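To start, the structure under review is shown below, and the notes come after it.
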């Protein structure tokens, strides 16, 4: 074998070639063909030394990236990556090769800089690995060498498979098509070992998945198997059977995991194996029988799979292999599916079940395991099966949604919305209809608890999906949302599920997750691995001592002895011992019970537990089960060396049923063991134990650091994959979710809308100017189309802030306030969930990340949705601009809109694609059809999004499952290092695989009688040598779902109880340390035969305020049934118990000393409603079942049940009675219908005992502590009014310190009255005048406030002043007599300072020239302080349209910007309709429906749109002529003048013409009408007439012909001819068709010019886009306006008018931006005033408009011109301010006054300003140089440089660059110390050319200058 081992570097021995084998990212075919083919033996060598891709390895980027990556990890980049843990020597070799390659690159490839790098190749991106972004480098595969694979054989299978799964080199290794035999054999060995790992299933799947698709399986292995036949060397042939066994094992694993996708490759290999085996056998090689059996098994499986493949039933890898049936034809429980099958649901198959044997032994361990597996599975399957069958039979019932089912809960219209990433994998957000569930109180409901199983189907359960509840948030449930995790089989079907698919979901109440883990554990455990079979299965009553005691171990009990003197006595009693260790099997050597602080039975239990391998300890209530259990653990931990007999640690496993019990037990252990504890279970309430939870231990830095390297590498690798997948998946999932939260914007659906429908949608009916309003460009056409736009409901997009939420949720807030004022009660749902959820599995995201995700989701919704249901608004910018209230809807309108959209989105009916294709105009559809079409588009969008994220979903799920297995490996390391591992039964079920690895030798089960036997068995491993069960089977039993299984099949009998019943030895604790004797009497002898009282309970004090420590109050008030949860409540009992609790609180008992128990959840919340937190905070309220193991001083018990039918429910169960009656220490008071309960035998005995001791009756006797002789009887809540303060009805009569008597009734609390507040009047004299205090007695007396007359010294007025206030301190209230500066009288009182601002109204003249009343005090501010007053005077200016301006002086900006004219336009449009818009100068296109029509059809477009010409043949024909043109073309026939020969209805001849429609008038019958003169020829006897079809008027034909054909020279307007009588346009008339068509053609030409051709519009649109991009100042200073213009230009279907509007906006906004930019050159005060003016212009410009009117353009241009002059003037003045003479300053001020006038800037003003500015140019500088123009010219001339040498720094200081003008060095500005100049002819970025100095357009040294020079210099050269 050694001779055949390949050379380590896989190269020829004497070769030094640098060739490396292929890696993951193989070369493209073209590159591969160009490469040199490596020698065959190089590939056969298998594993060349690890390295990167040959190309990637030889360029500097790969090297430096590697260096940087290693430095970032804090390691030397030249160190080997895997030599930290002392791995095999091949890793050091890897390091050397890496270093050699790096050195080789540095020394031998220096010329690579001059070569083209590989990433510059066009084909380089083809090398990317799947799902890798183009910018990322492919991760390089580290090759797996021979030595490395050999080292893996020495390691644990788990480490092997994790290492292979996370290595990129595995795929490369298995990709070779040939390799040496010994290398192939080693690979098979390693793969077989990897696949043997049981805890790493996902890693095994990953490795097998690579193997399945590899050349290793398809080529290498078949060649190897065939080669066995011809192998000549005997030694090698003898080793083949072992290798064949490895291959068969791999094949078996492959077909079991991938039955569908691997059957072809494996079948070929299997067909070759028999031939090779026969050849080997023939050559004398011994073939083991097991190998042949395994091969036969694989052959059988493959034959079965091939048959199924031919049948077409083998399609996916989730196919379940059929196992052969057992001899008795009963399916083996090991192959039974955990989930229900189709046959179980539909065929109602009766399952094969055996009862749990509780009175004898089992025949075998196999039957024992089978029995418990089937019973446990049936316990959760039966309710689901029977519920679904009942549901299927009820589908035709009309009241199905209201019907209640016994076994299941139903959720209608359930939809799988979106996948979500969680730590456990992929979960799905599912939404169901909440309408039938309005009555559900989710915070208490047991619906949809964590771990509950749901079944979903959309085809009446012909197919179904299974899932479990993975997360339950109350807020989400109220909205019908829950998160589900689907099982593996269902996940395969989810790819085809869309968010629009509607399912029926049913829920079974069982905690399925616990069932699943236990059932899987029972299937996996082998019969021989079940411990204690002699006792558990065979029921042998002889129990041996633990095996580890047979080694002679001795115990030290001194740590258990608390008293030092007792320790000494114990040591003296143990004669001959030099140390305190004893033989525990010898009872005589044990310390005394007094020394150990134990009673007799506890001592017996301790001895029994430590000396028997199976110890059962029964502990009745209060007997100290936990105390004894802790003593046992302390003894075991102290003597760990006795049972830890190997180097490997084996912790003690403690299992408890509830989290509370686990906390109690572990806290007790902590008192004697401060370290090495691990807690696994639900969230702990213990601060002490939080440090020992798995989550905390995992997060410790030391733990991470000490983890094996292969786990750390795997963690990083998988985490990276998860993050990448999560990022992509999250975005897609949130997109899917958004589709159900509102209406999508149309642009996101465009891809799924046909072009015809898109054009129709976007060119929809424009009936309101707001549709195309400039400010509503972001408005959604989709909303309008769906009837949700401004035409139907006004849009409100203000977020659901406090002001909106308060209105919308007023009722909820009130309810919330009421809830918050009540005491906190642990919700039953929360309690159940707390025991189900393992804390380590809870996902706790940082609050910061939650906020970030929420913000990102909000942004995504804002981007995608035109209307959001959560905001009930559009979510558009347009909507937000209207948040001032203009578009606010009423609250009920919002609700209607929200409900309407929500209902439509949840509907299932959609339009089919065929139906959609038949639609031409989507606006012609009714609203219902529109929503159907929208849902079709939405489904296409959702399906596409779902497809995109599907691959990421699969990647994340696989990675998460591998990560979960990795976590288990981490947890395994934690648990193995512990001394004590504490688990709940749920935790033990979930961590069963780890427990099998941890192999705890000692298992202690607390509350063992409450645990199902199957759960206990699944917790045990074959390594268990000592099992201690502690519990009490006479208290609560395990809970089963199915009553039949619990009672008739004994499923509810725990292992604890069964072993007791079959006479396995056990010890019962006999002394109770909890209850006073009166209470204990109820349990003995009725429940426990000989339960004795410990002396400590005889010392309890009596309960205050009552005559007895124990009393049962009888009543017969009926109960009430609660609809949800099948619970009950009793209002009478609730009120009584609450009042009794309040009474005990008055006896000065602490709230923590009182517990209220009830037997039903419904009563729990009935009680809560009666208990305000202010009074009852601290009182605990529980249901009995959740209080086992607890105790309190006083227990108040409400039994609830009281009905005429005598149904007592589970009050007849002795176990529950035991728990209920044994929780009290000192006092217990119960209320119930004892007459009904007496029918139960046990209750009858208890009631008899109570009656014997006078402790039962209709009334409870209360005893007053202050008046012992006074008793009060209470039977109902109202009776407690007799003792309002907890004493009696007598008055208190206690004399208080103030002298008054206590006014309360007798009260036992606050006997010294320190807290009492006397409420009687005080009446103390508090001043010299004899006035008395008006306050109540307990309040502190205040200064006298009685008013008396006093004279105020400052003014002499007499005032009524409070007695205690001195006259000098009082403010006189007489009116002030002083006059203000303005002359008006002061309005303040005399004692106050005079007013600063006079409030008298005076009329003043404003700056605008108008007079207006203002407050007198504001006048000065108006004149000098800049105070503004809005002038309300009507403007009245005659606008350009001729109408008076409707605005006010203020709204028109003092005449500078007039408001739009609001008069109706009423001008005739080209289509002959009157304009319906306000008078705005330029009429918009007509929005009416077009009335053009012909005989074939009518135009359906808007009147202002281009009509489509009719292409039907013209129908104008008669017997003389016929037109041969198309209907829309001018006719090619003349009019016919032959009289019509037809007769009218009246019998007279027609008066019309041949071929024309006959007029309806008769010359004889309607003579007056026909001969009425209009044109002048109507009364001629042979006159012929034509009737107009548009208005039915008739005219003489010759006159009408002339009228229709005449062309008047003065006719300017182009419009249709109209009826001479009624003026109706003539549109349809065949005789005058040519004339009409000519007019219509002219009108169409005008329409086209108005709208513009598509080419012109596109050209203009691109021109404006380019123009806008050049406006850098606009982009910088007005970014929102820039973005708005950019978005508008990006829209489709813009008209010429739209583009004209945009062009105007660009121009005006650009001017504004330039002016804004110039503000920095002014004085601060001037800047503020000009900025205000600019903001006014910007505000006016931002108003919504379709176009600018001529008036607006005039006003705007004039104002911008004024501001331009003003800015120019003020800038010049600022620049030369210090050098300006007084005369020039006066001139500047005069120009400024003209420019700052409030009225409009006229042409006269402009001319005057121009003249003055020309005069000022010579003396004021034109730029920021601070010098005059003359001085600038002189300086430039003196320096003498050509243009382009002058520059300025960041702050505008000028400097010059000599020589060529290009910057070659940096310097410092002497004025501001900023950087100036530059390097390499490149100017510093903060500097720029100072064109204001010499007029240069570019620098002297620049590309532009070098190519073109400065333009003027070129001109000079010419």
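Here the Cβ of each residue, glycine as well, is placed from N, Cα and C on the backbone.
Feature list (source: Swiss-Prot):
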BINDING   1849, 1853, 1869, 1872  Zn(2+) binding site
COMPBIAS  1-12  compositional bias 'Basic and acidic residues'
COMPBIAS  30-42  compositional bias 'Low complexity'
COMPBIAS  82-105  compositional bias 'Basic and acidic residues'
COMPBIAS  120-129  compositional bias 'Polar residues'
COMPBIAS  809-819  compositional bias 'Acidic residues'
COMPBIAS  877-887  compositional bias 'Polar residues'
REGION    1-58  region 'Disordered'
REGION    75-140  region 'Disordered'
REGION    796-819  region 'Disordered'
REGION    876-896  region 'Disordered'
ZN_FING   1298-1320  zinc finger
ZN_FING   1330-1346  zinc finger
ZN_FING   1382-1400  zinc finger
ZN_FING   1441-1463  zinc finger
ZN_FING   1471-1488  zinc finger
ZN_FING   1546-1564  zinc finger
ZN_FING   1827-1898  zinc finger
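In sequence order, 1869, 1870, 1871, 1872, 1874 are the residues near residue 1853 (Zn(2+) binding site), counting only same-chain partners six or more apart with C-beta under 8 A. Ranking the binding-site residues 1849, 1869, 1872 by the number of CB atoms within 10 A of their own CB puts 1849 at the top. Just going by CB pairs under 8 A, the stretch in 1298-1320, 1382-1400, 1441-1463 that sits most against the zinc finger (1330-1346) is 1298-1320. With DSSP states grouped into helix (H, G, I), strand (E, B) and coil, the zinc finger (1441-1463) comes out at 0 helix, 2 strand, 21 coil.
According to DSSP, residue 1849 (Zn(2+) binding site) sits in a coil region rather than a helix or strand. Per-residue pLDDT, averaged over the zinc finger (1441-1463), rounds to 79. Sorting the zinc finger (1827-1898) by DSSP state (H, G, I as helix; E, B as strand; all else coil) yields 15 helix, 18 strand, 39 coil. For the zinc finger (1546-1564), residue counts in helix, strand and coil come to 0 helix, 2 strand, 17 coil, using DSSP. Broken down by DSSP into helix, strand and coil, the zinc finger (1298-1320) contains 0 helix, 2 strand, 21 coil.
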